[in-house]
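As written in Swiss-Prot, here are the features:
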- THR30, LEU31, GLY32, PRO33, LYS51, ASP87, GLY88, THR89, THR90, THR91, GLY415, ASP496: ATP binding site (BINDING)
- 534-547: compositional bias 'Gly residues' (COMPBIAS)
- 527-547: region 'Disordered' (REGION)
Amino acid sequence: MAAKDVRFSSDARDRMLRGIDILNNAVKVTLGPKGRNVVIEKSFGAPRITKDGVTVAKEIELSDKFENLGAQLIREVASKQNDAAGDGTTTATILAASIVREGTKAVAAGLNPMDLKRGIDIAVAAVVADLKANSKKVTSNEEIAQVGTISANGDKSVGEMISTAMQKVGNEGVITVEEAKSLETELDVVEGMQFDRGYLSPYFITNAEKMIAELEDPFILVHEKKLSSLQALLPVLEAVVQSGKPLVIIAEDVEGEALATLVVNKLRGGLKVAAVKAPGFGDRRKAMLEDIAILTSGTLISEEIGIKLENVTLQMLGRAKRIRIDKESTTIIDGAGAKGEIEARIAQIKSQIAETTSDYDREKMQERLAKLAGGVAVIRVGGASEVEVKEKKDRVDDALNATRAAVEEGVLPGGGVALLRAIKALEGLTVENADQKTGVDIVRKAIQTPARQIVDNSGGDGAVVVGKLIENPSYAYGYNAQTDEYGDLVKLGIIDPTKVVRTALQDAASVGGLLITTEAIIAEQPKKDSPAMPGGGGMGGMGGMDF
């Protein structure tokens with residue numbers, strides 16, 4: 001076991017504080033509309049340029065073990081904030097650094113760390129209650145666009161694109177961000193249910209130019225097992241032929257005699273048909289087939305529930321307005337499923353999402369939810385260079401997370417003003433002793449730092465601006481760093497999601513409070529390099545030799 005180095009009390013806290021300050025100084029420059037970029041060296045490829053706080057924080061590794069411990073703990077705040085709200089990582093870092101800095105001073109002055117932490121917790125609870133009380137629900141697409149614009153550093157096109165995507169796929173829909181190969185940033189919306197399985201045979205194609213199979217108003221057979229025998233399939237095929245409608249078969253697989261017969265019928269024009277493999281694997285495949293059956297008002301044909309293929313009637317088949325199948329994906333548009341049944345299925349998936357502990361399962365269930373609820377939107381981020389695309393993608397990701405958070409918990413005035421206004425909530429707090437009161441004061445000072453930093457980054461004097469804002473009693477009155485003007489921030493469209501502001505303070509206070517109560521740090525001692533081997537001397541007795 002390697003030897004350890006142990007530091008105590010103020011020495012320990014001071015060493016950690018140095019590391020925290022280094023990380024905080026690198027992250028805080030990115031805050032606000034006039035925040036600066038940070039360039040990060042990569043082990044291969046071009047350097048990365050970003051304004052994303054958590055990306056900067058994750059890259060910082062310090063040579064001094066004790067300083068690095070402090071930096072890692074604050075990095076944890078940024079990561080936790082990113083997981084909880086997906087935005088506000090810089091704000092969380094700044095708040096945590098302020099709480100630790102002021103708390104360390106108080107402990108050095110002889111105050112009780114545990115009482116300080118209790119005071120911090122009481123103050124944070126009061127601020128959170130104030131934020132929730134003043135939160136305003138997002139009601140319009142314009143407000144969604146404003147939140148996205150602020151998070152994307154004033155890029156209006158990004159805010160509007162996210163607002164359009166949410167409008168089209170709904171709040172439950174999936175919106176993903178990808179890198180584009182072109183210069184333009186585009187929005188691609190897939191309405192209806194799409195899954196990543198294409199046609200089983202190119203002979204099913206109806207549009208040779210586009211290489212797709214399009215079937216209008218088809219019947220849909222949803223089968224759990226493989227289909228290889230023709231005999232069991234014949235009664236359904238005959239019933240569909242008599243109806244004059246097309247047929248789409250979604251099954252684990254269609255092969256052999258069954259596939260050959262379907263292809264022959266399609267080529268002869270006797271039956272418009274297409275066969276597709278079922279999406280997913282194992283239990284997830286069964287769940288997705290049930291989703292398709294509910295969406296199309298059909299029945300999942302499964303021997304488990306006593307339905308044999310030869311007994312299937314037209315009433316058991318699903319219906320949809322149109323189905324579009326290409327080589328790699330199938331899209332069901334306007335399924336005939338009853339709204340009540342689809343909503344019940346959505347509620348069931350939501351409760352499963354709440355119960356699961358696996359991130360992978362949660363992600364897959366959210367995909368299923370989106371497909372049932374509305375659709376999928378893809379924002380393809382373009383740019384002139386790879387570096388520019390990556391930087392813009394970071395901002396679009398942040399903006400997307402911020403808009404989701406805004407829809408979830410509402411919005412507050414931006415620019416750090418909501419936290420500033422919460423100072424009033426700390427005025428009447430009752431605490432047990434003077435040390436706890438100092439804990440409340442630590443939070444009072446910390447919640448002013450984001451607004452100060454935004455002003456500092458835009459070239460103004462943070463202390464002067466914050467003083468002006470506190471003097472004005474209007475809740476939404478604030479400073480627009482982009483235009484260097486004062487006014488009603490909500491009317492100016494400068495708003496922050498309540499969830500982002502709330503979790504930033506809670507995460508910062510959680511780690512900051514623990515750091516204040518630290519009394520010892522244990523870290524590995526740096527390894528001493530062993531001395532190098534001495535150089536070999538010349539061999540003796542070799543003189544007088546000619547070469």
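In case you wondered, yes, glycine gets a Cβ from its N, Cα and C as well.
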Worksheet item: What number of additional C-beta atoms lies within 10 angstroms of the C-beta atom of LYS51 (ATP binding site)?
Response: 21
Response to the item:
Lowest 10 Å Cβ neighbour count of the binding-site residues THR30, THR90 is held by THR30
Practice prompt. Look at the binding-site residues GLY32, GLY88 and tell me which residue has the greatest number of other C-beta atoms within 10 angstroms of its C-beta.
Written response: GLY88
Item to complete: Compile a sequence-ordered list of residues in the same chain as GLY415 (ATP binding site), six or more apart from it, whose Cβ lies below 8 A from its Cβ; state 'none' when nothing qualifies.
Response: GLY32, ALA451, ILE454, GLY478, TYR479, ASN480, ALA481, LEU489, ILE494, ASP496
Item to complete: Could you tell me the maximum Cα-Cα distance in Å between the residues recorded as binding ATP, namely THR30, LEU31, GLY32, PRO33, LYS51, ASP87, GLY88, THR89, THR90, THR91, GLY415, ASP496, rounded to a whole number?
Response: 17
